[in-house]
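Enquirer: I have a structure I would like to understand better, so I am pasting it below and will then ask my questions one at a time.
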Amino acid sequence: MGHLPTGIHGARRLLPLLWLFVLFKNATAFHVTVQDDNNIVVSLEASDVISPASVYVVKITGESKNYFFEFEEFNSTLPPPVIFKASYHGLYYIITLVVVNGNVVTKPSRSITVLTKPLPVTSVSIYDYKPSPETGVLFEIHYPEKYNVFTRVNISYWEGKDFRTMLYKDFFKGKTVFNHWLPGMCYSNITFQLVSEATFNKSTLVEYSGVSHEPKQHRTAPYPPQNISVRIVNLNKNNWEEQSGNFPEESFMRSQDTIGKEKLFHFTEETPEIPSGNISSGWPDFNSSDYETTSQPYWWDSASAAPESEDEFVSVLPMEYENNSTLSETEKSTSGSFSFFPVQMILTWLPPKPPTAFDGFHIHIEREENFTEYLMVDEEAHEFVAELKEPGKYKLSVTTFSSSGSCETRKSQSAKSLSFYISPSGEWIEELTEKPQHVSVHVLSSTTALMSWTSSQENYNSTIVSVVSLTCQKQKESQRLEKQYCTQVNSSKPIIENLVPGAQYQVVIYLRKGPLIGPPSDPVTFAIVPTGIKDLMLYPLGPTAVVLSWTRPYLGVFRKYVVEMFYFNPATMTSEWTTYYEIAATVSLTASVRIANLLPAWYYNFRVTMVTWGDPELSCCDSSTISFITAPVAPEITSVEYFNSLLYISWTYGDDTTDLSHSRMLHWMVVAEGKKKIKKSVTRNVMTAILSLPPGDIYNLSVTACTERGSNTSMLRLVKLEPAPPKSLFAVNKTQTSVTLLWVEEGVADFFEVFCQQVGSSQKTKLQEPVAVSSHVVTISSLLPATAYNCSVTSFSHDSPSVPTFIAVSTMVTEMNPNVVVISVLAILSTLLIGLLLVTLIILRKKHLQMARECGAGTFVNFASLERDGKLPYNWRRSIFAFLTLLPSCLWTDYLLAFYINPWSKNGLKKRKLTNPVQLDDFDAYIKDMAKDSDYKFSLQFEELKLIGLDIPHFAADLPLNRCKNRYTNILPYDFSRVRLVSMNEEEGADYINANYIPGYNSPQEYIATQGPLPETRNDFWKMVLQQKSQIIVMLTQCNEKRRVKCDHYWPFTEEPIAYGDITVEMISEEEQDDWACRHFRINYADEMQDVMHFNYTAWPDHGVPTANAAESILQFVHMVRQQATKSKGPMIIHCSAGVGRTGTFIALDRLLQHIRDHEFVDILGLVSEMRSYRMSMVQTEEQYIFIHQCVQLMWMKKKQQFCISDVIYENVSKS
């Protein structure tokens, strides 16, 4: 035997063999058998052999691959059979025989199909089918799953004396529900076989597994009896006395033939499962003879049974109801007056519903839950009669049992139980079957609640209110805060007392009549709201932490404290209550928590609530709050500089993330304390101050951050100011031997030292000791007559000398020289003449100013309409302009400058430059004049500005490829001044961006005015920033204003870098103020990196101007940008939305701020005209044009104030 193909012979025979499989269908006879060990044995018969030279091959298919086997070569005897070990049990295999003579097929082949036997079931479990144990079972079988194939399961069993078998296929994971058996039947010898089936050539093969598991047996539950009912009959007294001697002492009942009165009772209680009780071996037979009655019977029918509920209440009954001591007064009087006469109980029922196999009934009679009688009757009995010899509460139940066969005896499920009460007087009391309805709770206070309910029955005489705490068991015993209702407490009062605030309770109501108690009501759950905390206190621990402490009520139950805080969150820009911490409840009456990581100088509101265990949770109380403003952090003085008697102080506050815009910081208090104490209050947005301090003193400098409720002071900075030299030193009262020196003290000085020495003598003469004086005058004596001296006065403060102040003095000669008298007279006359000349000049100056106001400041004449084309030489124009600058500003008009500006040239509108210089000393009067008649003269000037640049071309902006790059179709860049991008793309328009160069105070391309980027142009915008090496971007708009998009958000939202084309932008830092924000960007392109500052002014309305009160804010912003620009290279990029209105106003203010620093005149008209010749519509509205004038007025006012503060006059003393 061998496998094919093998070696050379296998290769030689493979192709004919495959051809044979396709060609032939007829068969040669051969024999195939399947052994028990799953081996397939294939053997040749004598009739199969054609010649010993032929090759016989077997092909076996059925598994994932085909197998080929070759019979061994043989001569006179048949070859041994081929044995194939099948891997699968229960799988069909196809065996094909092929005969090959040499390389030629000489005999057709044929196929035989065999089916292997599946592996048997190893174990079986049978369970009741809980929804229907009378007819249903759950089968669970276990069998080998690997390599085991079957289609159905054969179930065999004996049903009583009948043998049954069936094929079942609805097994899932070895389990199935079979719901077709008979109730109460014993099913024995239950076995399971796996069945495998296969169909081949219209024939079906079937194989059964063996049975290797232990046979099982199972009895289904019988149905319970039907229509169980009982009647109670009062026996005739005489009959009872005759038979009283036959009562068994050990039993509370016996049989009785004589029947007195009978009554019909209706019991509707469900019966619990019958417990094992004492079976009475001497139970009397029931009597089925005729009964003598004295009244119409009343039947208790069980058809209207109530749900099973009485057994649930057994464990919660009060102890007082477990014996007969709880009988009513009527019952007690009855039992005291009469002896109990037994009553007759007649119990009847009907057989269970067919088909049910049963062998009898079990009767269970229970009295007072302590005494039990348990007996059995056959299947023919349907009535049971017994005498009840003792009063009490009785419970009856009847069940069906089945015992025939080899299975265990089994009872039916419990049917309905019947309950009633027999009083000592023989009176029966019907069981209560209705539960209370509409149970509700009304909480009267934090410790009291009132229960209410409704009931249709009126035959109950009391109620039981059962209360239990649901929260008590949720607490650890060591931390338990309540004791009263941890176990169930019963009461007959509708009012529940001694409740605990915060606890949750469950209440059940029962109706009671005598010892009988009805079914419970639906449970009602209610909770008592906690009373909340008390004495909430706050203790600050610095700028960023506080401690909260509080006490809780002595009486109360809760799960946890929840500490919340309310504040403005600068990260989310919202204010809301957030939970900070939760503290588990303890028995301690006090609690505290430390709250850290607070923002300094910030308003907080803290709240502590008590949360209960209930579901849902209750909390109290929102009024337990306390507010607080944290202290600011201490500022840090960073620089102190002193010059010109002014001390310049700078400081920082917090770190880069500290937010002042939303804090409760009010102002800074800068204090310099020396011999004098100088204070200055500084607004919170400014961190610099200038103090005018007298020199010569030692000062302790401090900066205090002040809020509404607290402050924090920086570390003291010691500053020692050197004493200043005396001011205005004079020599008076000169004599031949003495001179008096007089000076003015400058700053603080402890004393002054005076020295005098002779001039021009080889022998230096000076005072033996310096004269130290504390006053401002000293007389130097013992001088030589007619001698010149150099005297000096030095201030001393804190042992430090100042720079000495010198004066040359000469003593008087002994006799008066006549020439001196003449010279003195001439000097006096000259002084009078000079004074008269000064008075005359002052009068002329006033008249000149009056003439300037009358002629009208800023008047200009438009010669644009004149048809004249004349040009003057350049030198002439310079001379004219130089001459005009000498005239009063009221004469600086377009009329006089007509030849200089040359409006009649060929390119007049393009090159025309309107101008109107104004002296700053006259600027206030100029503004008043221009603002007359509703800003009429401003309107005239602005109308002239509209003519600038009308004929300047902008062809690139009109190209079809570039139109989509323009935010507004009427704001287009001029070709001659537009910014051109460097692009590798040679496509037309690739270099276009809506931006123009604007000349500045320092450079002809100091600014780039551009529109707010669009989503399509943000990449071009960053390319322009990189190529122009711009380090400052000024954004004068918000991305969205009045629900309209004004500009794309072209920078990253977070610190995560974002790629804009080939350029990556990363936001390094961001700082926001009330009116602006400063951002630091880092842009990267290949190996090139550049830092860019982004200044965003957010308080500027579109097409408008900031309010008059906000003018100082915008000037401060312009000054801040200018300070940064002096440190930067490349043009500043300025944009708003269109890039003309707010952009032009900002550029004008920045240029004027620099111009006024160095000059005392301005030409606003000429400046705006020049900007409009480089980009259209710069300074877009008349309001913006007027706003520039108002800002210039403010600039000049501040410059004059600075001059007044720093104007320290030193008088030079001439030589005598």
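Each Cβ is built from the backbone N, Cα and C atoms, and glycine gets one as well.
Okay, these came from Swiss-Prot:
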BINDING   D1102, C1136, S1137, A1138, G1139, V1140, G1141, R1142, Q1180  substrate binding site
DOMAIN    435-531  domain 'Fibronectin type-III 5'
TOPO_DOM  30-822  topological domain 'Extracellular'
TOPO_DOM  844-1216  topological domain 'Cytoplasmic'
TRANSMEM  823-843  transmembrane segment
Enquirer: G1141 (substrate binding site) has how many other Cβ neighbours within 10 Å of its own Cβ?
Expert: 25
Enquirer: Counting only residues 6 or more past its boundaries, what in the same chain has a CB within less than 8 Å of a CB in the transmembrane segment (823-843)?
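Expert: Contacts of the transmembrane segment (823-843) (Cβ under 8 Å, skipping residues fewer than 6 from its ends): none.
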Enquirer: Would you say which of the binding-site residues S1137, Q1180 has the most Cβ atoms within 10 Å of its own Cβ?
Expert: S1137
Enquirer: Just how many other Cβ atoms lie inside 10 Å of the Cβ on G1139 (substrate binding site)?
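Expert: Excluding its own Cβ, G1139 (substrate binding site) sees 29 Cβ atoms within 10 Å.
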Enquirer: Within the domain 'Fibronectin type-III 5' (435-531), count helix residues (DSSP H, G, I), strand residues (E, B) and coil residues, in that order.
Expert: 6 helix, 42 strand, 49 coil
Enquirer: By the DSSP assignment reduced to helix, strand and coil, which category contains G1141 (substrate binding site)?
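Expert: The three-state answer is helix.
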Enquirer: DSSP on Q1180 (substrate binding site), three-state: which is it?
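Expert: Once the DSSP labels are grouped into three classes, Q1180 (substrate binding site) ends up as coil.
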Enquirer: Let me know the model's mean pLDDT on the topological domain 'Cytoplasmic' (844-1216).
Expert: 81
